[in-house]
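> Below you'll find the structure I mean.
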Amino acid sequence: MTPFNPIDHPHRRYNPLTGQWVLVSPHRAKRPWQGAQETPSQQMLPAHDPDCFLCAGNTRVTGDKNPDYKGTYVFTNDFAALMADTPDAPDSHDPLMRCQSARGTSRVICFSPDHSKTLPELSLPALTEIVRTWQTQTAELGKTYPWVQVFENKGAAMGCSNPHPHGQVWANSFLPNEAEREDRLQKAYFAEQRSPMLVDYVQRELADGSRTVVETEHWLAVVPYWAAWPFETLLLPKTHVLRITDLSDEQRDSLALALKKLTSRYDNLFQCSFPYSMGWHGAPFNGEENAHWQLHAHFYPPLLRSATVRKFMVGYEMLAETQRDLTAEQAAERLRAVSDIHFRESGV
């Protein structure tokens with residue numbers, strides 16, 4: 001029998017953060033594609049759009065007027081998914097019809113007044129201000145809620161309803177599914193190994209290097225060994241950090257650089273504004289020590305072969321198990337092969 005080769009043969013990889021397996025089918029990477037294709041926007045956006053609900057000085061759909069902001073701008077979402085004053089749900093003893101109240105708040109974070117510039121096109125000082133805003137919002141909301149979720153949906157392909165570069169922060173009175181699962185599995189690993197899972201993982205990736213995409217003094221971005229999306233990345237501090245609020249000034253500044261380099265490589269891969277959903281996971285604000293936690297950011301981009309061909313999580317993946325064609329190592333190699341200077345800045 002031919003010896004096993006992970007570049008040629010189907011195999012499964014285990015995700016210790018979710019407890020789930022991913023089917024890797026590298027032999028399928030060369031299959032022809034005649035399916036749906038995305039149409040990337042070629043529109044050059046203005047620095048200010050008078051019809052945009054998020055631009056500085058404009059009036060939002062509710063009639064509220066945005067200030068003439070110069071940096072980041074945060075406001076409560078006009079169509080928030082959560083409310084702080086939700087009444088208690090009635091007790092239910094039916095194991096098949098369980099319900100509980102959900103309280104919280106949802107805020108919008110405009111990254112800058114410039115309607116045309118996404119994260120990789122912003123300056124390092126502007127990116128540093130965004131990180132500081134993530135920190136202050138997390139610290140403020142963490143005083144009231146156990147879970148604070150900072151995230152960004154970039155691009156229409158990821159359901160973004162407004163092209164003005166922005167993110168969101170939702171605070172929950174409960175621990176959401178993904179957070180609860182990561183909490184439980186990191187805690188189990190810590191109990192067995194006596195060290196945080198993702199701190200150990202960073203050391204493995206630093207020693208290996210084959211999945212590294214970006215490295216700065218204090219941060220490492222890798223295509224994780226267990227990646228599900230084609231060019232998924234995991235962004236991690238090199239030392240033990242529980243929450244984004246715990247970063248030193250040096251780690252914060254280094255994070256701004258890592259974000260610029262990583263998102264520039266994404267855009268450069270297919271010479272387009274690369275869509276993704278990203279977000280931060282850190283220790284919950286539950287009054288516990290949480291030494292098993294390690295701060296990290298997930299980037300989930302859907303593009304697969306080009307700016308027009310995306311991956312769909314359907315069929316087998318919805319009903320059985322996540323599957324990918326490119327190996328994590330091949331995806332990281334492709335991201336390393338492009339510049340970390342944005343193609344619009346380099347003049348390419």
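Every residue, even glycine, has its Cβ placed from backbone N, Cα and C.
I grabbed these lines from Swiss-Prot:
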ACT_SITE  His166  active site, tele-UMP-histidine intermediate
BINDING   28-31, Val61, 77-78, Asn153, 159-161, Gln168, 311-312, 316-317, Gln323  UDP-alpha-D-glucose binding site
BINDING   Cys52, Cys55, His115, His164  Zn(2+) binding site
BINDING   Glu182, His281, His296, His298  Fe cation binding site
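Map the listed features onto the structure and describe their local environment.
In the three-state DSSP classification, His166 (active site, tele-UMP-histidine intermediate) falls within a strand. Around the Cβ of His166 (active site, tele-UMP-histidine intermediate), a 10 Å sphere holds 19 further Cβ atoms from the protein chains shown.
Around the Cβ of Lys311 (UDP-alpha-D-glucose binding site), the same chain contributes Trp229, Pro230, Pro302, Leu303, Leu304, Arg324, each under 8 angstroms and 6 or more positions distant in sequence. According to DSSP, Lys311 (UDP-alpha-D-glucose binding site) is assigned to coil rather than to any helix or strand.
Annotation for His164 (Zn(2+) binding site): same-chain Cβ neighbours under 8 Å, separated by at least 6 residues, are Asp49, Cys52, Phe53, Leu54, Cys55, Cys110, His115.
Within 10 Å of the C-beta of His296 (Fe cation binding site) we count 20 further C-beta atoms, all protein chains included.
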> Which has the fewest other Cβ atoms within 10 Å: Arg28, His298, the binding-site residues listed?
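Per-residue Cβ counts within 10 Å for the binding-site residues Arg28, His298 bottom out at Arg28.
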> Out of Asp78, Cys160, His166, Glu317, the recorded positions in the record, which is closest to His281 (Fe cation binding site) when you go by Cα distance?
His166
> Taking only the binding-site residues Arg28, His296, His298, which one has a CA atom nearest to the CA atom of His166 (active site, tele-UMP-histidine intermediate)?
His298
> Taking DSSP three-state, what's His281 (Fe cation binding site) in: helix, strand or coil?
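Going by the DSSP assignment, His281 (Fe cation binding site) falls within a strand, counted as strand.
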